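J.: Found this in Swiss-Prot, in case it helps:
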- 142: active site, proton acceptor (ACT_SITE)
- 29, 30, 31, 32, 33, 34, 35, 36, 37, 52: ATP binding site (BINDING)
- 358-396: compositional bias 'Low complexity' (COMPBIAS)
- 411-437: compositional bias 'Low complexity' (COMPBIAS)
- 438-458: compositional bias 'Polar residues' (COMPBIAS)
- 459-473: compositional bias 'Low complexity' (COMPBIAS)
- 513-541: compositional bias 'Low complexity' (COMPBIAS)
- 23-274: domain 'Protein kinase' (DOMAIN)
- 348-396: region 'Disordered' (REGION)
- 411-482: region 'Disordered' (REGION)
- 495-541: region 'Disordered' (REGION)
- 516-1105: region 'Calpain-like cysteine protease-like' (REGION)
- 641-668: region 'Domain III 1' (REGION)
- 791-830: region 'Domain III 2' (REGION)
- 836-972: region 'Domain III 3' (REGION)
- 1076-1103: region 'Domain III 4' (REGION)
């Protein structure tokens, strides 16, 4: 099974006894569920290989399957297998070494998405590998960027055959659900049978991940993804205008919902996407070089991957625009061929020529630099010492410093002009106008790198670089400045110095980056508590030709709840917010200035106001890319003031001043100043702007508090593996008019980052709200995400009653959360529900003898029974719910239901052992769902008996039984006491088939006898059941008192004779009794088997006589 193409001729000898003596393990490349992979050197030849160390355990069969598949594969597009050896309890698998790891690792390490040329290379190589596998009747079943490895030459190869499958001629389709959830094809999830077209679907999803950094539905819980893939339309690129039509068409073909409509790997290799975009393996060079630099700075691949994972977790739930890799320059060639292998051969010659040219250029440059240094040494004349001329010496020093600084600035400016600016990376244009993007820090100014909102993370220490030619920053110990001059030189040389990320833990990750410069605070010259206008002389001198008019200024404070911090936390909405009205196109400068005693990191958000005539005067409660004004740098600086200049179109906007950390109290001033710039023939004027604080009297009606999922209230979700979600905290929300409502669920620091959260909104009955928590009443729901908050906006929400149920996805995930509701309905109300008076809940389980099954089985009497008593003097509506708590070991839920029977007396204190159709009020269906319920009207002073049951005996499961009513404290529920029980088996055979009692025959005395003693008397029930058969014999029994020698004395009781499955007799006795039970057939000589069961209120003796 070999493929033409150049393969490595490296081979290992057979019979290596101790692989640890033959291979040197250099570094760990990664760790997985089956083992670890190391970079290693084969000592005898020096060849670099990859060694996978796998423990020999119960999962080792899967590894043997992977080895078997790798042994059979001989293709340059599949990672080569060299051999495997055993040492102690570990298997050493020797494989081809791919220097740059997986495509996924390269993306995570560099924090970059791939460009189209790179995606084309990966997809083409993957299709070549799949064509080889599919031609040999193999399915990979786990195609994803994490299983596509990149060699040092930029070649891409398929790896990880742990879940691959072999297709035989007899089974051309498989039915096993296996693989990574986000990449599974619809037919794999639906288990309708699939073939190698499932790999094509996974390749389409992989292409989207390489373009957008995440696969579709990445922010949803994996179980939710398994539902979305078969039922939703095929995924597409989020921003198709950024990509070529050929790329979009390639993805559409790969993601055809019907597997029969997906092209084969062979057909896709001919797609026009590769004709236009496939260049050569050299296109991976920029990405691999950047990855290698990061790996070296981190101290190894494993550390680099850990740092990338930590950065990725901090970005979870935050919208980020990831940097694209550099575009690929078209090679100069008139005879360029269009296939990968031929391109690589042609380019190898070009690369060698370029290396020789670079070496010559470097040699020439070194010679020129040496000559220049010699000339400078000859020209330099040291000044003669003159102790009497101090002024001249000082002036000379200043002149030399000015010259040095000027040269540094010119050099830095020239360097900056040759590298692409951050604005060229992002596709987000400034829709509101022109932005200068400069920040004032104190009385000086540093020119900001001005990222668009989607790229704001590039300034944080755990984020991606601001330019495609730079390497992501790796946290290191900062160099200590030798003097204040060093600080000044560093700031002058680095135009973005004012926006560098701080190295402290406070600045990592999140929506908002944080800067590091600390500037000296000037003495505040003004204090104001109202909107004022000051003279332009109090403003810092502008560094542009624009002339600033008098500012519109407001003063405010961050105090208590209003010190909400930046948007990295859920508390930012509590900061002061200001409405800015602009009536004509105007160039403005927004300045935020600290006036308190303590200097902290500050910044502000500038966003469009809410839509709608009424809502635009209210606070902004969502800060996403679509609402923020593009072009403004929102880096937080430890500075006296921060400012930005921008040209804005007429409209309403919101400014939100904030400190970086919450609970940092202090005062501030916010200035909005119009410049005198000429725009469209008209000059700016302060009359064009109006600034005012958004006050509570015109704001949203806000209800907010902190709550917990704890103990039984950590019940999980409706979509998860538990029905206990109904025990979560619940909130009743009532609106009296159609309203716009936004609900924000935020998780606090005691909840792990990986925990998914979300909430449901149910339409509710105000009088009996709990019964509304069913799928039929579900009004809306959110996705479950593992970010810091979930925001849901419901436009035009009809008046009525609703219940909000916040959830973690899985049960028993404890922690604190906040729930905040913003509504423009001024007459509404929201409060936490306490339904303890309306809901009676008992916990039970079917376990051992108490898992007796339904009424089809005589053992139903072993089930627990519950008495519900209506103490009201009027009819009462009750809803009875039976809930299964959770799935066990990922198995399907059993079929369960319950019976509702009339109680013979209101205060019954014993279980029912006999039921007739007239006794049963009703029953539910038996279904394998989390909940079944039954609703009835109970008459005054009556009681029901509830019998929860599994459909078949022997099923053990926990459950909740709930009784819900719209009247408080009128229903009582209690479990009926269990009686002592014994069960024996017997048969009528030979002489023991004596028939019934008769005065004319004594044969009945030969029937089987069972000793039944009641030392204290009391109530008892005897049940005789015959074996299952198409038609039943007539059966019955007698209970006699006996003398000490066993002689029958007198009847205690006797049953009738019926031709049915069982006969039941309930009776009682006021004194202790010693006796026997004699089961009988109606006619003699009828052979059969039977069971005899006794239930007794008190202790009993029951055994074969």
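Using the three backbone atoms N, Cα and C, a Cβ is placed for every residue, glycine included.
How buried are the listed features, and what sits near them?
T.: For residue 142 (active site, proton acceptor), other Cβ atoms within 10 Å of its Cβ number 21.
Less than 8 angstroms from the CB of residue 31 (ATP binding site) sit 37, each of them six or more residues away in the same chain. Annotation note: residue 31 (ATP binding site) sits in a strand segment as assigned by DSSP.
Confidence for the region 'Domain III 1' (641-668), expressed as mean pLDDT, is 92.
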J.: If H, G and I count as helix, E and B as strand, and all else as coil, what does DSSP give for residue 37 (ATP binding site)?
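T.: The three-state answer is strand.
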J.: Same-chain Cβ contacts of the region 'Domain III 4' (1076-1103) under 8 Å, 6 or more residues past its ends?
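T.: Same-chain residues near the region 'Domain III 4' (1076-1103) but 6 or more away: 858, 861, 910-911, 913, 979-989, 993-997, 1001, 1003-1004, 1007-1027, 1033-1040, 1042, 1046, 1048, 1057, 1059.
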J.: Mind tallying the region 'Domain III 2' (791-830) by DSSP state, helix then strand then coil?
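T.: For that range the per-state counts are 0 helix, 27 strand, 13 coil.
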J.: Neighbour count, 10 Å Cβ-Cβ cut-off, for residue 29 (ATP binding site): what number do you get?
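T.: The Cβ of residue 29 (ATP binding site) has 23 Cβ neighbours within 10 Å.
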J.: Summarise the region 'Domain III 4' (1076-1103) by DSSP state, stating how many residues are helix, strand and coil.
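T.: DSSP composition of the region 'Domain III 4' (1076-1103): 0 helix, 18 strand, 10 coil.
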J.: Just to verify a number: CA distance, residue 35 (ATP binding site) to residue 142 (active site, proton acceptor), in angstrom, no decimals.
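T.: Counting only the Cα atoms, the answer is 18 Å.
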J.: Work out how many Å separate residue 142 (active site, proton acceptor) and residue 29 (ATP binding site) at their Cα atoms, rounded off.
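T.: Approximately 20 Å lies between the Cα of residue 142 (active site, proton acceptor) and that of residue 29 (ATP binding site).
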